[in-house]
Amino acid sequence: MSQDLNIKQSATDWWSKVKAGQVGALPALLGLLVLCIVFGTQSSVFLTPGNLANLLTQAAAVIVIAMGLVFVLLLGEIDLSAGYAAGVCGALLVIMITKMDYPWFLAFPISVLAGVLLGAIIGYLVAQLKIPSFVVTLATFLAFQGLLLLLVGEGGTIRIEDPVILAVENKNLSVSYSWIFFLLTAGAHLLSGLLKFRKRKKAGLVDNLFKLWVIKTFILIAIGTLATWALTVERSNNPDLVSLRGIPYVVPVILVLLVGATFVLSRTSFGLHIYAVGGNAEAARRAGINVKMVRITAFMICTGFAAVAGMIFVSRANSISPTTGGSSTLLYAVGAAVIGGTSLFGGKGKVSDAILGGLVVAIIDNGMALLGYPAGIKFMVTGAVLLISASIDAVSRRGASTT
Amino acid sequence: MASPILSLKRVNKSFGPVHVLKDVDFSAYAGKVTALVGDNGAGKSTLIKCIAGIYTPETGEFIFEGNPVTISGPRDATALGIEIVYQDLALCDNLDIVHNMFLGREEISGITLNESSMESLAKKTLDGLSVRTVKSIRQKVASLSGGQRQTVAIARAVLWNSKVVILDEPTAALGVAQTEQVLKLVRQLADNGLAVIVISHNLNDVFQVADNIAAMYLGSMAAQVEKNSVNQNDVVRLITTGAQK
């Protein structure tokens, strides 16, 4: 019977899933498409290669914080201090490099380790003392803000000149390396997918998802080709003076994080336990899962990602300031995860959601600035989009529970 | 009657000054359904929690497959092949059937989950229980009906070649058709050679599915009798007065 499961069958399966409330990334994808069309037709600059590269580097730090937040949101918890955790870890990085003359390859891992430790403290307070994560991270939000102020010094900024750290947000892969990077990524994606399906076929399991996967992969590779091509076009105003071509270094950085985090969440038992704890913590406990350890580890991963985001902030601003990671950073990151389809109620979401949602947030920011709207309107529109996503999440949950 | 796979002798359990189980004897037999009945507060739940290792009784003997054993934690019970299906089922709605069945005991190859091996084994188990109502074992538990959820919880309990399966009020929240379906499954478990212990308040269900009836009254075992030797009135009398005929 497995042979006659065709595309139509898988499409109707998928549609019934959507109707049952498992909308996943669909709203974010549609939103992304609508936003691109609206801004693309309204602004002559929006769809240029220069702006595309700009958009990616703008969105990078928020996306990375959001990717870490997904782990915590999956448990139904929240980390309000992830933004300032990024600031603190960024400050540690800058201080180690500029004042203590550490090389970047030593300073960066230490700053990430510091982030993981901060996460362990938060996780311990939440899991062991059972203080609601909202309260714990509200406290650490204030504490990290103070710590950052102490580290950087009031009103001051510390500049950084390390070429490797600066390259992440300011330099690009060469054109040939950009294409090699794209081909390697696409090849790895194809190979891992094909291997998975071959293994299932060998085990004699029914599969109606294969053709859907082929279509999805085809679209992904088409978009990837287009983006790589756009990014390898010359985007400098004065190419004779300085050439600007290629994929920004931050893209492979995010991709490595995405692959790593997705692997952990979808292929390992630890990832399954995160979903289980988020879905029904009591059932997970009775099944013998160490719920406390899962909670603590999720917070450690979250602030670890925030530390990487801190490095990206530093690279983009060429410096650290007492407001790095502050103001709307964390709210944008939570918004990104939720807009992408991660549930605030726990148990549902993917790391790739953070990227989709982060792009939506960044496109609103970028596109409305290009159209000359004041910052006030930008915040209000972003707020409205977040509210719509949260409503979709809440309504789809209701849809799922009544079937 | 054949010798029991599990028998408890003179088990006592107190919570502070409250003597909950008083010299309770209880036996479960392979291939038989034993119904555990009794009023609220009679000690049914405490008794099965002692069997499952959640509580440790103060005194009393446990004999499993002819050998005396001590159960001092849920893991000991699991290691012997005793599984319990709680009334709330303890399923994760956001996970699919396969992941729920293997939760906490996933099959691993290297560092990754061995999805295909888990899926095949889950399928085999469900087929072995003659379960045909589930469309796909990769669907999320949230989308299942009450009876199907009960089925998944039971299938999880028998997945581990368990020998004794305890079901706490398996039909309490179900409609007529689904109750029928679950009772059939309970019978199937016993026919597959397992010892099944069912807690139930519904005497119709008990008389339909059980081979043995153990009635508790105020912390004591009023009687453990064969179903064919009693009628519903006898059982009601055992439950309400503790007196045998």
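Note that Cβ sites are derived from N, Cα and C of the backbone, with glycine treated the same way.
Pulled from TrEMBL, these are the features on record:
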- A:20-40: transmembrane segment (TRANSMEM)
- A:52-75: transmembrane segment (TRANSMEM)
- A:82-98: transmembrane segment (TRANSMEM)
- A:104-127: transmembrane segment (TRANSMEM)
- A:134-153: transmembrane segment (TRANSMEM)
- A:177-197: transmembrane segment (TRANSMEM)
- A:209-231: transmembrane segment (TRANSMEM)
- A:246-265: transmembrane segment (TRANSMEM)
- A:296-317: transmembrane segment (TRANSMEM)
- A:329-347: transmembrane segment (TRANSMEM)
- A:354-373: transmembrane segment (TRANSMEM)
Leading contact stretch, A:52-75, A:82-98, A:296-317, A:354-373 vs the transmembrane segment (A:104-127) - CB distance under 8 Å: A:296-317
Recorded stretch, among A:82-98, A:177-197, A:246-265, A:296-317, A:354-373, maximising Cβ pairs under 8 Å relative to the transmembrane segment (A:329-347): A:354-373
Cβ contacts the transmembrane segment (A:177-197)/the transmembrane segment (A:82-98), at least three under 8 Å, sequence gap 6 or more: no
Selection from A:209-231, A:296-317, A:354-373, the stretch that has most Cβ pairs under 8 A to the transmembrane segment (A:82-98): A:296-317
